[in-house]
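S.K.: Below is a structure I'd like to ask you about.
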Amino acid sequence: ETRRTRSDGLMLLSAVFLLSAPASASQGDKEPVYRDCVKQCLRTNCTGARLRGFQSSQPPYMALTGWTCRDDCRYQCMWTTVGLYQAEGYSIPQFHGKWPFARFLCFEEPASALASLLNGLACLLMLLRYRSAVPRQSPMYHTITAFSLISLNAWFWSTVFHTRDTYLTEKMDYFCASAVILYSIYLCCVRTLGLRRPAISSMVGALLILAFTSHVSYLTFVSFDYGYNMAANATIGMINLLWWLCWCWLNRRILPYWWKCGMVVLLLHGLALLELLDFPPLFWVLDAHAVWHLSTVPVHFLFYSFLIDDSLHLLNTEKPGVKLD
């Protein structure tokens, strides 16, 4: 009774993916040729014996991640429409708010899924290195460990989302990313102010929890506004950037490793500009989002190098703060 059967486990995992996302209309899926193709495919392949044949021949990993006959029709018709666009010399259209990607096994966006996984592995590796290098008595040990766990959770859901885009996986990807950004503010607050003034960090932490709850509630129950979500995250990110850079500048003559922190925040915000290079995926796999995620993998090593140096400094310093601390 304490162990699930294999079929129960498959059903549980499938439920995560089967909550289909509401499709936003794009140029490609507005095309009559695409819509007629999908309707014809559904009538021909997704009823009666043909549907049972599709389900019986479908690989387990496709069924596990919630790929239905309807999804397969959309995928095949997407490429039919892309072929017609190319034959006529038109630019590649988007479908349901996304560029066309070549599916690999069950992965909708293989490059972005791989990049998210690599970021998660880099984060896990450096967390383990941090915990082996820094004693638990260091003032920032538990705060940094919590930040790492929140980051790992976000990279997990990013990997899942890029593997299979559904209503649930999209929301988890967005909400977990927002949690990382908000907790990074808390991390900055604890390091710069909270070590000497715990009441301040406690107050800021409470405000950030309230902000996260309000943010998720609005996007869930009022309107899932992509523009608002981007503006909110960009605003919080800019506060984080300026706060850390201010601390780095004030401590540049005292802490020899200050440049690592400055380099990390500048790299992270600079590399995010890659998202502006919105182009059809190269080889139908590599788009601007995947390039952005791939570019952030090395940043984890520099960031944790700073965290290790700073945590050891705090441990060996009688008064943990320098300036703004």
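Yeah, the Cβs are placed from backbone N, Cα and C, and that goes for glycine too.
When I checked TrEMBL for this same protein, it listed these features:
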SIGNAL    1-25  signal peptide
TRANSMEM  140-160  transmembrane segment
TRANSMEM  172-193  transmembrane segment
TRANSMEM  205-224  transmembrane segment
TRANSMEM  230-250  transmembrane segment
TRANSMEM  257-277  transmembrane segment
TRANSMEM  289-307  transmembrane segment
S.K.: By a Cβ-Cβ criterion of under 8 Å, what residues six or more beyond either terminus of the transmembrane segment (289-307) are in contact with it?
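M.R.: Long-range Cβ neighbours of the transmembrane segment (289-307): 109, 111-112, 114-116, 118-119, 122-123, 125-127, 129-130, 140, 144, 158, 257, 260-261, 263-264, 267-268, 271-272, 274-275, 277, 281.
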S.K.: Which range out of 140-160, 172-193, 230-250, 257-277 gives the transmembrane segment (205-224) the most CB pairs under 8 Å?
M.R.: 172-193
